[in-house]
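Student: Pasting the feature list from Swiss-Prot:
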BINDING   468, 473  divalent metal cation binding site
COMPBIAS  505-520  compositional bias 'Pro residues'
DOMAIN    226-454  domain 'Sigma-54 factor interaction'
REGION    464-536  region 'Inter-domain linker'
REGION    502-529  region 'Disordered'
REGION    505-518  region '7 X 2 AA tandem repeats of X-P'
REGION    537-579  region 'C-terminal DNA-binding domain'
C-alpha cells in the first residue's frame, strides 16, 4: 500500500464532504415534503428541479416519459417538465435530452453519466444548446409504479464545468436516483388513491342503480318521470329543458306537495352533470348547527361526538347537483355562510382550516314568499339574488286538472305493484277525483288514491267509497269552510288555505257534490251537545235524518266530532242507512 493510499483525508476535505452530505439531506427532505403534499406529483417536478439547483448545483432539469407506455413501445419520449430551457410545449424531447441518452436509459434501466456529450455522441447527436464543451449530464430511470422492471421515464440534470463544482460524483447519482424513487412512490400512492376513488364511485353508482331499480317509478330521474300534458306542466318542462344545460342556479317555487324534488331531479338528469351525484338536503329538518355540519362536513374532534372526519353534502355533490329543499327556512345567521359558498365555491369544514373548492350546481326549492321575507329582513337580499337566477314556478294541481287522472292511475299502478294487488278505479271514481281541488296537490292525490285502494272492499273502487263522498275528506272541508265556527276533527278552521307562493291561479272552487242532497224538511233546531252522555237517541236520529244519514254532517249539526257520533251510534245500536 502506497503512502498516498494510506494517507487519511485531510480535515478540509472531510469538512467539504460533510457540507455536501448535509446539503443533499436537506434537498431530499424538501423534495419529500413537496411530494407528500402534492395532489399531482408530476406537476411539482419543476419545483423539485429548483430545489436541486439551489442545494446541489444541478442545473437544467428534465423529466421525460414514454409517449406510448408498454413493454413493446419504442423509445419516443415526450418532456413533462424542463427548467432553464426556452421551449414550446410541442417541441420534441431531443431539444433538451439527446435521443441516444434516452435510448440507453430506457433500454438498460440503469443510471447514465456523461462528462462530455459532444465527445461521446458527436455534435450532430447533441442539441445545439447542449454542445458547450463543459456541459455534463446525469440521467436516471423512472420506473413504472406498478411494474418495477419497466422504465416509464427519464429524470435528468445538467451541470457546467464553469461552476464551482465540475462533473458528477457517485453521491450525485445516488441523490438523483433517490429523487426518482420518491417520485415513483408518490405516483404509486396517487394511483392507488385514484383506483380506490374510482372503485368507491363505481360501488356508489352500483348501489344507486340497485336502489333505483328497487324503488321503480317512485324516484323518477328524468323528464320521462313527469306525468302530465296540461299547458301549465308543459311550460315547466320547456323551462327545464332550456335551463338544464347551463350552470345557473335554479329556484323551484310552488305550494307544498307540487313535486319540487322530482323537478329538481329532472334539471339534474337533463344537465351535463347527469352522471354526477344528486345530493338532497332538507334545510327545514336540521338546526343551524347540524345544518352547517351536514353541508360543510366536519373534522375529527371538531365537537363532541365527531369521532371521524365527515365530508359535507357540498363535497359529496362535487361535479353534480345539490338540491337545497326548504331553503327559505334557514336562519339569518347561516344565510351568510351559505352565501359565501354560492359566491366563491369554497368553504372550510367545521373545525378545519383547509379551504375546499367544489364545483356544484345549486337547485333550491321553497314554498315561502321570499320577497316578503326579504322585505321583513328575514332573508338576505344578496342570497335571494344569488339563488333566484332562474325561478321556475310549479303549478298547483288545481291548475292542471287534465293531469289528475293519469297521475291517479300512476299512483294506483304503483300501489298494486307494491302490495301485489289488482285494484282498479271505476269511471265514476275517476270523475269524482277529477272534481276535487287537492290543496295538498300531488302528495294529497297520492294519499287519496292509496287510502281508497287500501280500504276498498273489492277489486273496483267506486265513487261512493272515496272519502270526499263520505264527508270525511279533511282537505276538502278546509277549502270549503270560510270561518271557524264548525269544528273539523276537533280543530277549528279560521280561514281558507291559500298558496304561499304568488302564482296566477284563480281561487279554488268548492268541489260540487256528485248528487244533490234532498232539501231537508223544516225541523226544530237541534241543541248543541258536547258530551255523548247528554245526547238522547231521538236527538241523534233527528240529526241523522236532517243530514241525510251522513255521519260527518250530523256531527257538525250536533257540535260533536265524527268519533263521538260513531260512539253514540254504537251505544244506541243504530245502523246507518244508505240513501
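Cβ atoms here come from the backbone N, Cα and C positions, even for glycine.
Please go over these features one by one and say how buried each is and what sits next to it.
Tutor: Look at residue 468 (divalent metal cation binding site): DSSP puts it in a helix.
Regional average pLDDT for the domain 'Sigma-54 factor interaction' (226-454) in the model is 90.
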Student: With every protein chain in view, how many other Cβ atoms are within 10 Å of the Cβ of residue 468 (divalent metal cation binding site)?
Tutor: 22
